[in-house]
Each structure stands twice: as C-alpha cells, then as structure tokens.
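Here's the structure we're looking at; comments come further down.
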C-alpha cells in the first residue's frame, strides 16, 4: 500500500525557502589588519635596532666615566656626561699613564697616519685601475677574460693566508713600519673591484664618441679625461670611497706591518686600550667615534654618486 504524497500548490512555498538568509558581513579593507605589513615592519625594526644599537652604545659610552660604563644594569644614557675622554687625546696626563697612556699619546698620530694611508690608497687605486679598466673594456686580447676573472679570484683568498708572504716581501724591501707597506697591501684588496666596476662604465661609452675625439686629434689622455671619466664619475667615486674605507678600517695588516707611531693607524691604536692589566672602555669608545667620523662624512657627501656607482656596477654585464 502506497502513501499518497501531496504536491504543493502553485502558490505555496517550501519551508527551506521561508528561512531568512543572513547576509555575509565583509570587513571593509580599511578595517582589515595588515598582518603581512606588521610582520615585515617588525622584522625591519628589529634588524635596524640590531645594526644601530652597537653604534649608539659606543657613542654613549664615549661620554661616560669608566665607572658608569661598567655599571650593572648598563646605563643607556650617560648619567654624568663628560668630554674628558675626548680631551684626553689632546692633553694626556700622568694619571692615565698606567692604563692606556701610550695609546692616548699615539691617537693623534694614528689619526693622521690613517688619513694619509687611506687617501693615498684611494688615489693610487684610481690611477692604476683606469688604464686597466679601459684595456679590458676596449681591447680584445688573448686571455683577457681569464685575467679579469683571476683578479676577482684574488679577492676570495683570506687575508690571513697571504699576510706572511706579504710581511716577508715588505721586510725584504725595507719598507716595514712605513706608509708604503700599508698602501701596497691595501691596493691588492681594492684594485680588482675597482677594475671590475670601471670596465662596465667604460664599455657603456659609445665608440662614436671615442672616434670623434680621435678625429679632433685628441690623444689617449685627453680622450680619457673628456669622454670616459665624466661617464664613469659615479663608478670613480664609489671605487674611491670603497678603497678609502677599506684602508681606513683594516686592522690585521696594519698590526703586522707597523710598530711605532710613525705608521700605526687608528684600528691598531684603538685596540691598544685593552691591555693585560685593564681595559679602558670609555677611551676605546671615544677613539672609535673619532675613527668613524671621517668615513661617515665622506659617505654623506658622495652618497648619491656611491649608490649610482654600486648599482650600475652590479647590473651591467
């Protein structure tokens, strides 16, 4: 026996159709939480703090007394600011002779030595790199690419692996404890990079400009000065600043090659504030701040050209 099923009339509605559908409420875009941006900005803030905090700590410590610098918990702001650490470099007294006295007396000489060595390294680096970069960009000779790659391979060799041969070579030339010992060593670091950067700038110069200069009876030097160097100005500045900062901050070669205030540089003298008996943290911090000022000023002045030079040298073939 079958149960009859009732068919709804044409005007009737089904029960499920009588239910009220609740519309989905979407959160406007301006009220949504940008979690991706929050994570990115938080990581960027931590990374910036990681980079800036050591510099701030050195700067703050340079204005502290020794007892405030070693206090626990640390003083992030100098409780009793003082300029005595900086004035010590100008007028060392007998009370500082026991700890760090020699380093205090050598600091003004080391600052001048660093300036001379870094400036000479930057200038000689450009003088030697410009002809070499022109040769690699314009001339085609057997083994050119291999030689250029060989220059870059020398940058991969750790400094500690070549310091003993360099020391023996410099000693045989009688150049120990001189500016030339450091300049010759630092050129080996900066010259390959400078050649690699400048060759891309020189390669970008149209040959028509070079041919026009030759038609006007310009020699090689005049062509280089009037055509190539203006185009390569960002690369020249970037290479000069790079070689200057490399020579300014280098420590290991300066430690091996120098022994007196006649050639000691700032990194070596700053390390001498740490002795077997004690460590003058505030004086070391003041010396570090003094050592940072010249390269910082150089970078701020040529910031735009440095960025252009590094960017162009990294993307061109």
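All positions are counted from 1 along the displayed chain.
Just so you know, glycine gets a Cβ as well, placed from its N, Cα and C.
Between the stretches 80-101, 146-167, TrEMBL puts its transmembrane segment entry on 146-167. Between the transmembrane segment (281-302) and the transmembrane segment (38-59) there are at least 3 Cβ pairs closer than 8 Å, counting only pairs 6 or more residues apart in sequence, which means the two stretches are in contact.
Within the chain carrying the transmembrane segment (227-248), a Cβ under 8 angstroms from the stretch's Cβ atoms is held by residues 114, 117-119, 121-123, 125-126, 129-130, 134, 182-183, 186-187, 189-190, 193-194, 197-198, 200-202, 204-205, 209-210, 213, 265-266, 291, 294-295, 298-299, 302, 305-306, 308-310, 312-313, all 6 or more beyond its ends.
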